[in-house]
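Peer 1: Next up is a structure, given as C-alpha cells.
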Amino acid sequence: MGKVGDWVDLFNHKVAASKVGYWFKLDGSGHPKERKGSYFFTEMRAGLATFFAMSYIIAVNGSIVADSGGTCVCTADPAVDRWCLKDPTYAICKAEVKRDLITATAAIAAFATFFMGLLANLPIGLAPGMGLNAYFSYTVVGYHGQGLVPYQVAVTAIFVEGWVFFGLALLGMRQWLARAIPRSIKLATSVGIGFFLTLIGMTYSEGIGLAVGSTTVPIELAGCHPDSRDPVTGACPSSDKMRNPTMWIGIFCGGVLTTMLLMYRVKGAIIAGIILVSVISWPRTTEVTYFPYNDVGNDAFNFFKKVVDFHQIKHVLNVQQWDISGHGGQFGLALITFLYVDILDTTGTMYAMARYASLVDEETGDFEGSTIAYMVDSVSIAIGAIFGTPPVTAFVESGAGIGEGGKTGLTAMSTGFCFFIAIFFAPIFASIPPWATGCVLILVGSMMVRAVTDINWKYMGDAIPAFVCIALMAFTYSIANGLIGGICMYMLMNTLVWVVEKASGGRIVPQNKEFKDPWAPNFGSIIPTWMICVAKGKAPWHKDEPVRSIEGTTEPGPVLVGEKGELDSSSGSRPGSTTELPAEAVNEKSAHH
C-alpha cells in the first residue's frame with residue numbers, strides 16, 4: 001500500500017505542476033488562487049460519487065418524458081380508449097421514445113457537465129431537471145399528448161428559453177430576476193413541486209400505482225393489476241385494490257429499503273434501491289416481470305438483451321415546430337414558466353454548491369466562474385431541446401462529489417465522462433420499470449417539502465399566497481397554475497394592504513404586520529461582473545477572482561435558501577441526494593430575507 005500511495009502522490013504532483021493543474025487551480029499548481037486540498041485522484045473519485053448520486057436521472061427522466069408520448073400518434077377511438085392505454089402500436093412507439101430519451105438524457109448530461117468543469121472550473125453536475133420534466137410531461141404536453149401544446153412546440157419553447165437565459169446570463173440579470181421573487185413564493189415553489197412529484201410517484205404512469213383518478217372523487221386508492229383497470233376512467237375495481245405485487249415490491253424494496261440506506265448515509269442508496277427492484281422485475285417467468293409475453297413485452301425484452309448498444313435518437317431529435325400560430329398563449333406561458341423555474345432552480349443550486357466547495361467570495365457574494373457557468377447551462381438547455389429533453393439545470397447531488405473532496409472542474413469532467421459511458425448502456429436504463437423509480441419520486445418530494453417550515457406562517461400576507469401556490473401545484477396537477485396563483489395572490493393581497501395603510505395614514509394595518517417578510521430586493525450593481533472586468537482591463541471570464549463593482553459598490557449573488565439551510569429551488573432539488581449538506585454549506589440568505 002505504501003508504494004501505491006507514493007505513486008498516487010507522485011502522479012498528483014505531476015498533474016498539479018502541469019498546465020492542466022494550473023488551469024484547474026489544483027493544490028501545488030502555483031496558481032495565485034489555487035484550491036487547497038484539490039488533487040487529481042481526489043477529483044476523479046469525487047466525480048464518480050457525483051455520477052452515482054445523479055445517475056438515477058437517466059432512467060427517471062426517460063420514463064417521465066416518455067409519458068408525454070413524444071411524437072407518437074394515438075389512433076385509438078377516444079370514446080373507448082381515451083388515454084391510448086390499449087393501443088399496442090402506440091405502446092411500442094412510446095417504448096422507443098423512452099429509449100431515445102435515455103440516450104438523450106445521458107448525452108446532454110455528459111455534454112453539460114463536462115463543459116461546466118472544463119470552462120467554469122466548478123465541481124457541479126448538470127442534467128434535465130426533476131420538477132421541470134414533470135411540468136413538461138404532465139402539464140405542457142400532457143400525459144399521452146393530452147396537454148396544452150404538442151411535444152414539438154414544447155421543445156421549441158425550451159430551445160428559445162435556453163437562448164433567453166443565455167442573454168440574461170451575459171447581461172448579469174439572473175440575480176436581479178431571482179431577487180424579485182418574494183421569499184414565501186420561492187419556498188412554496190419548492191414545497192409545491194415536492195407534493196407534485198409525490199403524486200406522480202403514486203400513479204401508474206411513472207410510479208407504484210398506489211393512487212388513481214376516479215369519477216366519484218378526484219383521487220382514490222388503487223394498487224390493482226393494470227389489466228383490471230377500467231379502460232375509460234382508469235379506476236380499480238374494489239375486489240382488486242392493493243393486490244398488485246409490483247406495487248408492494250416498489251414500496252418495500254424501492255421505498256423502505258432506500259429510506260433505511262439514506263438514514264444510515266449509505267452512498268448510492270437511491271440507485272441501489274432502483275437496481276434491486278429492477279433486477280427482481282427482469283425475469284420473465286414471475287408475476288412482477290417488466291417483460292410480459294405480449295408484443296410490448298417482447299419488444300422491450302429484445303432491446304434489453306442487447307445490454308450494450310448505442311441507441312440512435314429517432315423520434316425526438318430536432319423536431320422543433322416553429323409555426324406556433326395555434327398555440328401562441330400556451331407557448332408563451334410554457335416559456336415564461338420554464339424560464340422562471342430554471343432561473344430559481346439553477347441560481348439556488350449553483351450558489352449553494354459553490355459555497356459548499358468554498359468558492360464564494362464573501363465580499364462580493366459571487367462565485368468564481370459564475371458567468372461562464374450560467375452560459376454553459378443556458379447553451380446546454382438549447383442543445384438539450386434539440387435532443388428532445390426538458391431544461392437542463394444544476395443538481396444538488398453535486399454535493400456528493402464535493403463531500404468527497406471535489407473542488408475543481410475535474411470533478412465535473414469525470415462525472416461527464418461517466419454519463420458518456422452510460423450512453424452505450426441504454427438497454428439497461430430503458431428496462432428499469434416505473435415501480436422501481438416511483439418511490440424515488442416520493443422520497444424526492446419528501447426532501448423538497450421540508451422548506452414548508454421556513455415559510456412565514458405568522459403573517460397571512462405571506463402565508464396565504466404560499467399556501468395557494470402549494471395547493472394549486474398539487475391539486476391542479478400543474479406547476480404553472482401554482483406559480484401564477486401564488487404570485488397573483490401575493491401581489492393582490494399586499495397591494496390592497498398597502499393602499500389601505502396609505503389611505504388611513506398608517507392607522508389601519510393587518511394583524512401581525514410586523515412579522516411580514518420584507519420585500520425590498522437589493523439589485524446590487526447594475527453592471528454585470530464581466531463588464532466590470534473589461535472596464536478594469538482584466539480578463540472578462542472566470543480566471544480572475546470575483547471582482548468588486550465600480551465606485552465601491554458590489555454585485556452580490558443571491559443564495560436562494562431557507563432559514564434552516566434548505567435549498568430554495570424548484571426541481572429541487574434535488575432529487576434524492578445521498579449526501580446531506582452541512583448547514584454552513586447552504587445557510588446563506590438573500591438580501592431580502
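Note that Cβ sites are derived from N, Cα and C of the backbone, with glycine treated the same way.
Unlike curated entries, TrEMBL annotations are predicted automatically.
So TrEMBL lists the following for this protein:
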COMPBIAS  568-580  compositional bias 'Polar residues'
REGION    544-593  region 'Disordered'
TRANSMEM  101-128  transmembrane segment
TRANSMEM  148-173  transmembrane segment
TRANSMEM  185-204  transmembrane segment
TRANSMEM  247-264  transmembrane segment
TRANSMEM  408-429  transmembrane segment
TRANSMEM  459-477  transmembrane segment
Peer 1: Does the transmembrane segment (459-477) reach the transmembrane segment (185-204) with at least 3 CB pairs under 8 A, where each pair is 6 or more residues apart?
Peer 2: yes
Peer 1: Which bits of the chain, at least 6 residues beyond where the transmembrane segment (408-429) starts or stops, bring a Cβ under 8 A of a Cβ in it?
Peer 2: 24-26, 35, 38, 40, 43-44, 46-48, 50-51, 54-55, 58-59, 62, 99, 102-103, 106-107, 109-125, 127, 303-311, 398, 401-402
Peer 1: Given a Cβ distance threshold of under 8 angstroms, which distant residues of the chain, six or more beyond its ends, lie next to the transmembrane segment (247-264)?
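Peer 2: Tertiary neighbours of the transmembrane segment (247-264) are 207-210, 223, 270, 272-274, 276-277, 280-281, 288, 435-440, 442-443, 578.
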Peer 1: For the transmembrane segment (185-204), what are the same-chain contacts with Cβ under 8 Å, counting residues 6+ beyond its ends?
Peer 2: 64, 130-131, 134, 138, 210-212, 222, 226, 229, 234, 341, 344, 434, 437-442, 444-449, 451-452, 454-455, 465-467, 469-474, 477, 479, 482-483, 486-487, 490, 560, 562, 566-572, 575
